[in-house]
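Sharing the features that TrEMBL gives for it:
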- 15-191: domain 'IFT122 first beta-propeller' (DOMAIN)
- 194-291: domain 'IFT122 first beta-propeller' (DOMAIN)
- 296-550: domain 'IFT122 second beta-propeller' (DOMAIN)
- 558-956: domain 'Intraflagellar transport protein 122 homolog TPR' (DOMAIN)
- 1015-1057: domain 'IFT122 zinc ribbon' (DOMAIN)
- 55-86: repeat 'WD' (REPEAT)
Amino acid sequence: MRTVVAWQETPPEKDGIRNVCYDLCFKPDGSQLVAGVGARVLIYDASDGELQHVLKGHKDSVYAVAYAFNGKRFASGGADKTVIIWTSKAEGILKYTHNDSIQCLAYNPITQQLASGTASDLGLWSPEQKSVAKHKVASKIVCMSWTSDGMLLAMGLYDGSISVRDKAGTEKHKFSASSSPVWSIAWSPQDQSVLAAGCLDGQLRFFSSTGQPKLKERSMEGDPLSLAYFNSDYLLAAGTDKCVHLMTREGIYLSKVATRDSWTWVVQPRPKGNFVAVGCEDGSIAMLQLMFSTVHGLYGDRYVYRDQMTDVIIQHLITEQKVRIKCRDYVKKVAVYKDRVAVQLPSRVVLYKLDSSADDMDMQYHSAAKINQKLECNLLVVTSNHILLCQEQQLQLYSFEGVLVREWMMDAVVRYIKVAGGPAGKEGLLVGLKHGAVLKIYVDNAFPIPLIKHTCSIRCLDLSCSRRKLALVDETNTVVVYDLHTKELLFESKGANSVAWNSHFEDMLCFSGNGQLVIKTGDFPLHVQKMQGFVVGFKGCKVFCLEYVNVATIDVPQSSSMANYLEQGDVDSAYKVACLGVTEADWRTLALAALQVLELEVARAAFIRLHDVRAVELVNRTASGLAAGTPKGLLLAEIAAWQGQFNEAAKLFVSEGQLEKALEMFTSMRMFDEAKQWAEEAARSGGVGKGSAGPGGAGGAAAVAELIGRQAEWSEETANYEAAVEMYIKAKKYERAIALLVKHGWWERLLALMRSLDKAADVKHITAAVAAFRRAGKSDAAKEGLLKLEDIPGLLALHVEELRWDDAFLLLAGHSQLKDQVYGPYAKWLLSQDRFADACAAYCQGGRREQGLAILQQLADNAVAERRYEDAAHGYYKLAMEAMQGINPPAAMTDADQQALQAFSSHYETAELYHAFSIIHTAAHQPFKTVDDATLFNAARFLLMRVQGREVPKGIALSQVLLALATQARAQGAYKLARYAYSKLQALALPPAVAAEVDMASLMLRAQPFTDADALLPICYRCQATNALLNTQGDFCTNCGAPFLRSFITFEVLPLVEFELEPGISDAEAAALLGEDVLGSATAAAGGRGVEMVVGSGSAAAAAAVAGGAGGGANVLRLDDEDEGAGGGGFGALGLGRSGALEDSFAAQAAVPHTPIRLGRAALRKLRPSEVLQRRWPNPALPQQWFRLLDDEQPVLVGPCGHFFEAEEYEMAVLEHGRAPFSREPMAKDMTALKT
């Protein structure tokens, strides 16, 4: 580093006041310098020192000046106790005073607040306030400094303490810095927690804002009167030693900036530049320019340079990695060689070494040795075991232990030294002298070796990689190249400032100058490109350029050099240049050129670089062919064909007598016209190739077809798809033709092709066309193809895919063995349409009965879970009907039939229970009355009697049933039954409100008699016995055991008595015998007309009858329309009737309890058809059931479900809902047939 005086000025004394420059400040943009000299304020142009303004506002010495950070105003203060605010145009705008002289001023960098310090107080003024806020201090304020964020103000006091205050003037911290006055302070701009303080005891100290010591205390040569941070990295100090010193921001001493003739009271760095202003005791003002020299070194791809004066940075130029070594001292010189780095400090030399010298990318250095001597030199060089110091003409070689090993004295001043390499401890050095001599010195040899005697002083030197050529740049900026063996001048060029050989290629160098980079390769023309700076290295395709302390890596193209060598036919040199770094296109050019001249090793290496596996295989085949003695013409022909030079390849093939190879080449390239031309030319010239065969016969036809196929493939590759389809069809490659037709949606052409195909020979292709039509939704075309193939399963699958169920079932009628192919998908489709019952039927018809039953069971369970008990009843009814299917007659029943019969009985009875409970549940939850009280009463009794002795089905709440029964029984006078129901309810866990209601009702019921109303007691129509309202054993007569037959709308007991036929009488005969003796055979035949209804179910009791031989099936109801005869009228009791004999027989059997009533032929003849009801089951294998109606005034019929109904109620239910009760079978609109 050196210092240049930009300008200096010593103003003359005025008004008899001593001419002392106590303070300086710069305008924030660095354009002006404000100085307090004597009693005047002087404003200079900072660039050239021109005096711009002389301000005379003060009456005594000016001690302090300060510029606001916005550049709009500055302030001055002095011994006249006055502070004056000036504008940037040197106009005074404000003045205020203190009680003592103004010692220092400082502007807040953020708020533009001005702090002024005196011997007794601190003043704070800002443009926004009218008055100055003043704060008393205990000691004289000597100096002050704001932090860069404007939050804290530090003041150095005369008593040796430092006071830290906030921007309001409140003291935050106060601490002792010295026993002497603190004359200068400055906050670090990089670390606001560090405060530098210069004391009059000659010490420089560093503190935190709270007074804690931060850095090492430094001793100064004199007392520091002024401190200022320079470029954030350095600290300037001026004082009584008449000098200005440069230190690091940590206080490490670096250098003396300047020496003046008197005390230096103030030093201030100029913003935005390497300039420093100094004010002295004699009134002089100087502007100094600091010029930092570049300290660096380079070897190979490692660049070492000084940073921040105390640090060393090692940069890897290839990877751009950097390593910083903190030396914590002034770095004077650096040098690098291979894995060694030498750093010269003021009092020692430190050697660093790589941790791993074998790794070119390693950047981990450690201290290897120290030479604790103060060594002076102009140049520093390091080798493997030594350091070399150059001082003018003298060269000194030291070991790493600090021992002087050898010394050389040159004839002239040494201008350049470079390590040329060599074994460890025997390295060679290139030395360039001022008088033009170039020497080579070996560190183990005391005698220099002259190499060249140049005419001018040497500025730069470099050796080629083979050590045969020397390049130098002299002081005339001329680059010169010498042959070291012949001493011949090989090259010379003007305008160079630096030169470097390529470390990887002998005949390539570069030099820089005049803003250009010049590349010289062999004897070829120079390559020039723009570049600023100095060339310091050349490695491969990378040039290292130094500009100031930054080394940039520039990639230089080697394409032109490689092309020049190829033009000369020098493939090996071209390959060496390419290895330095060229583009992929250049590598391919080199590879092809080498292949043309059969330089196969170069070609293989180039293609490997390109990762071109096919090209490498070609080179290997060519090498194998050469080794096997294959003619070069054939090998060159293959190479030409590989390069796309087909005509040239054909010429070479024909010249070698291989016409067939030429034709094969053209055919494979789809160049059919060229193949024909060469074949015709060969035929005309008689040059038929060896082994070629002429077309003809079956082989010729096959060849034509193959050619057409290849043409089709080529047309497809060239996107001529229509031509490709036609040629594929001609070549009978239907599969590819169909694929193209489908890809482009040419359905009409595909249909035409399908129609033209032979059904027997082209089944595969017709099937492929049909599949394509189906995928495209072209069902009609697909259907046509399936019909052509007579593929019935496929046709069915098509109908199923298109959801054409009518067509599918129509086709299935003649192919029932395929029913699973239709019914399964049909059932799934029905499920998707929420048609669950139809889906169940479809599964059953398709032979998947278990799936159908599972659906029904799931529907029933869901209905129970959702409290849709009527739907649950219907679901179990359907399950019962399905269980009945397939049961054999009683005589032939198997275990499976018995299980099915039990399932039918269980499902049917469960359906009856859910049907009855739905009435109670609806009445309990509907806001309006929808059920008659008697029906509700009867349904509750029916439920309680039917659940006796069995598990209550899920969802049926006995509490609801008992509550409904209790309520209705109490209302209708059945107090005994009500008491029973309430007692049962009280035993259950009920909601509190319901329990309270039950308890109240039970209490009120105690006032009623303990009997049921006689009118409510049911009468058995078989034995005429009166029964209790609730039989806890079941729903049957307690006297004779006959079950009560109820209407499944009102649940009233109907006047029906079941009877059986005597053995030997068939159902058909019994039906024919009815009424013969009453009406005569003819009348019976005419008057026996009625309605025959086939029903779908029966009761659980009927199931038991089936097991006993009196089963059921589809029900037949015969209702006579003619008037009753003389013996007519209601039967009332069994003793009344038309025929005493009949009634006696019937009554006699009815009187015998627990015994079935059996009627013979004579009794049947006496029964009128209108008083007999017949119930048949859907399974014809099961027996029918016979019932006698004992009251003609109460018409009764059998519904489709197998239950009995009063005719009028049934008719009303059908009219209301449009379907039969319980079974939900749709009924005809004409209901007259239902009347008895």
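Cβ coordinates are placed from backbone N, Cα and C, and glycine is handled just like the others.
Each of the listed features needs to be described in terms of its position in the shown structure.
Averaged over the domain 'Intraflagellar transport protein 122 homolog TPR' (558-956), the predicted model reaches a pLDDT of 80.
Here the domain 'IFT122 zinc ribbon' (1015-1057) has long-range neighbours at 912, 915-916, 932, 934-935, 938-939, 941-942, 944-946, 948-949, 969, 972-974, 976-977, 980, 1101, 1131, 1133-1134, 1150-1154, 1157, 1173, 1187-1191, 1194, 1196, 1199, 1201, 1203-1206, 1209-1210, 1213, 1221-1222, meaning same-chain residues at least 6 beyond its ends whose C-beta is under 8 angstroms from one of its own.
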Count the residues of the domain 'IFT122 zinc ribbon' (1015-1057) that DSSP assigns to helix (H, G, I), to strand (E, B) and to coil, and report the three numbers in that order.
2 helix, 9 strand, 32 coil
Would you mind splitting the repeat 'WD' (55-86) into helix, strand and coil residue counts from DSSP?
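Final tally across the stretch: 0 helix, 18 strand, 14 coil.
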Counting by DSSP secondary structure, give me helix, strand and coil numbers for the domain 'IFT122 first beta-propeller' (194-291).
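Looking at the domain 'IFT122 first beta-propeller' (194-291) with DSSP, the answer is 0 helix, 58 strand, 40 coil.
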